[in-house]
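Undergrad: Got a structure for you, written out below as structure tokens; questions coming shortly.
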Amino acid sequence: MSMNNMMGSPPSGSRGRDEKKKKRWKWKLGPATILGFELLESIAFSGVALNLVVYLATVLHGTLAFNAAHVDTWNGTTFIVPVIGAFLADSYWGKYRTILASLLFYLAGLVLLTVSAAVPSLRPAPCTGVPCSPATGTQFSVFFLALYLTSIGTGGVKSALLPFGAEQYERDDHDTDQEGAPAPEKTKQSFFSWFFGAINLGIFVAGTLVSWVEQNVSWALGFGIATLCLLIASAAFLAATPCYRVRLPTGDTPIKAILRVLVAAFRNRTRTLPPDADGDGLYEVDDDKSKNGGDDEKLAHTEGLRWLDKAAVRVDGGGVWEVCTVSEVERVKVLARIVPIWVTCVLYAASLGQMTTTFIQQGMAMDTRVFGGRFRVPVASLVSVEVVFMLLWVLLHDVVVMPVARRWWRSGGLTQLQRMGVGRVLVVVAMATAALVERRRLRGEKRSMSILWQVPQFVVLAGSDVFSGIAQLEFFYGEAPGSMRSICSAFSFLALSLGFYVNSLVVTIVAAVTKRSDGSGGWLAPDLDTAHLDYYFWLWALISLANLALYLLLAARYKSKKPSPPHSSSHP
């Protein structure tokens, strides 16, 4: 008997089991912390964004036009900044460092925002009369400085947090601590669903509890709650650092890699491509990472976009700007194929925008009393209730739809493109439902029609958002080249931003085209009882249907990236 066993040392098998258990907890704690972080960050951001126009009007006494212009500008900035943050994450800092740097701006903005609401000299005196004196230049400057620091911070976080969380489920040959890690694909799919749920649960909490505190107790306290949420999230995120899988960008920057392929294709435009459809005869190396220096996987040749293949035509003594590998060319092809799908996401986001605009206006022209008139439903609260419907749809999506599809359809369940298609079908149904409800209201009860008639269109729209929203997050992350995942994930936020602008453009055109010669009336007349909001909803149903048709055409022709089989032969 060994001395160790005589002294009661635990057997090696027991130590091995304990080590595996620790590793399993490590791989679970990292993604769980990221989901908790997103929930708290969503509460913090929404606690500011949802009530921003109210604060500008009631506290800083801005005019209607001033408030609308600055809120639109801030929203546009907030959803464009993620593209810049994603470029920094993919090219220079890495996702983890981008999140940390963004948190500094984020916390500074929220702290300054709370101070501006708490210190009397940084806001105008309360006013009950009309007109009220607006805030001074200094007061507005402090407020907008805080607001745009927050915008920079949340933009950086949004650009990197989702791909950083999904990255925790990826393992490769360089990992020395893979034992105990979760099964990647199925678990990653659940992560996207719960990340989407965390965003919307945060919006619900902010839209109900935090907004109520801001408007009924104290703006400073409401902003302070938002700041505290982000502070707790930041502390937890830092504490879980040992549990993360952190990658730093290596090799070419994404833009340089794209330009190299385009330049090489142009220089080789007169060269003849090899006849083989599978890419034999094009330049490739056994290990593309060794040439590129990055984290991108090696990809197999795909048909289509043949003019790009000329970048991989072998050139004797060709430099890096004259010849590229097949994998490098395929990454550019992936991006070229993603863009048309992304365009349909912009139009889809514009359709979703009706929820926070025309759906609310429709509700304002309805009877908000429920339970026999004992309670009035705040019109905007249906947007928060829609978040509850979304969370129920997430459960239905993960617990029922996907398991059934895996059993009866295919092992992986519905594909990302199929789920995005389901979402686009449901948005058509939601717009048609809203049109039918408005038609009934105009032809009968008008303002005595109960607001509960709006519930079906919110339920259907929630299902649409869940199917398309989750799938879009997975699609842009999964299809993106490894070195461009933050940038491609940020496409979702950019689509949302552009969708708002498209929605605004359609409203402007419809209002101008449908009004009478004297400038009154029209589909969007101020008095909805004399307007035709039903026609406007039918228009959006047609736009959504046309977008669905375009999407189906693009999805049917879409070619996913194909990882190259291991130990594939090279073509030097």
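Placement of Cβ uses the backbone N, Cα and C atoms for every residue, glycine included.
Please treat TrEMBL annotations as automatic predictions, because they have not gone through curation.
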Undergrad: With the ranges 140-161, 338-359 to choose from, which does TrEMBL describe as transmembrane segment?
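TA: TrEMBL lists transmembrane segment for residues 140-161.
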Undergrad: Counting Cβ pairs under 8 Å that are 6 or more apart in sequence, does the total for the transmembrane segment (191-213) and the transmembrane segment (140-161) reach three or more?
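TA: No; fewer than 3 Cβ pairs under 8 Å.
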Undergrad: Three or more CB pairs closer than 8 Å, sequence separation of 6 or more: does that hold for the transmembrane segment (493-515) against the transmembrane segment (74-93)?
TA: yes
Undergrad: Mind checking which residues reach the transmembrane segment (74-93)? Cβ under 8 Å, same chain, six or more beyond either end.
TA: 49, 52, 101-102, 147-148, 151-152, 154-160, 163, 249, 253-255, 483-490, 493-494, 496-497, 500-501
Undergrad: Of the listed stretches 100-120, 219-240, 375-396, which one has the most C-beta pairs under 8 A with the transmembrane segment (29-54)?
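TA: Ranked by Cβ pairs under 8 Å, first place goes to 219-240.
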